[in-house]
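Accompanying notes for the structure given below.
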């Protein structure tokens, strides 16, 4: 997808099961404000700068209508043309599972367009636009929007840090022969 690369430690143990409750309690909600985002990432040992860098992963991927409906119909810090274009695929009721790209400019390229989108008030999720909404992270969003190399370096470094969170040890989990599925 054109993004940066980074080195990871080999032999890491992966869980053999997924936990919906763990995901819901450890992954920040799309409705969080800036202080909630900072707190959520801080609870995992990340700085505010690392949080902004990792949020740049939203340069790829899609979100369900139910996660951004309130933003596109009710928020004021959104570009009206952008909101209208997204409303075509996300009606005010129904269509909860309809998908929209997190980065409408380059949805299949890992680049810094996500941050340029925020400058133009084209953040799809409420939590995305909170990164550029008159708060402490505005300057970093501006930097990343104009300097793809800085974003790539910071993102890769934050991903390495994330890979070292709570590693499984001993008999917990397994070292996979194919990372896409359990052994």
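In case you wondered, yes, glycine gets a Cβ from its N, Cα and C as well.
Taken from TrEMBL as is:
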type	residues	note
BINDING	28	substrate binding site
BINDING	58	heme b binding site
BINDING	59, 103, 111	Ca(2+) binding site
DISULFID	65-90	disulfide bond
DOMAIN	1-183	domain 'Plant heme peroxidase family profile'
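A map of TrEMBL features onto the structure.
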residue: 28; record: substrate binding site; Cβ contacts under 8 Å, 6 or more apart: 36, 37, 40, 41, 127
residue: 58; record: heme b binding site; Cβ contacts under 8 Å, 6 or more apart: 102, 103, 114, 124, 125, 128
residue: 59; record: Ca(2+) binding site; Cβ contacts under 8 Å, 6 or more apart: 3, 102, 103, 106, 109, 110, 111, 112, 113, 114
residue: 65; record: disulfide bond; Cβ contacts under 8 Å, 6 or more apart: 89, 90, 91, 95, 96, 97, 98, 99, 100
Greatest C-beta neighbour count within 10 angstroms, which of the binding-site residues 103, 111: 103
C-beta crowding around residue 90 (disulfide bond), within 10 angstroms: 24
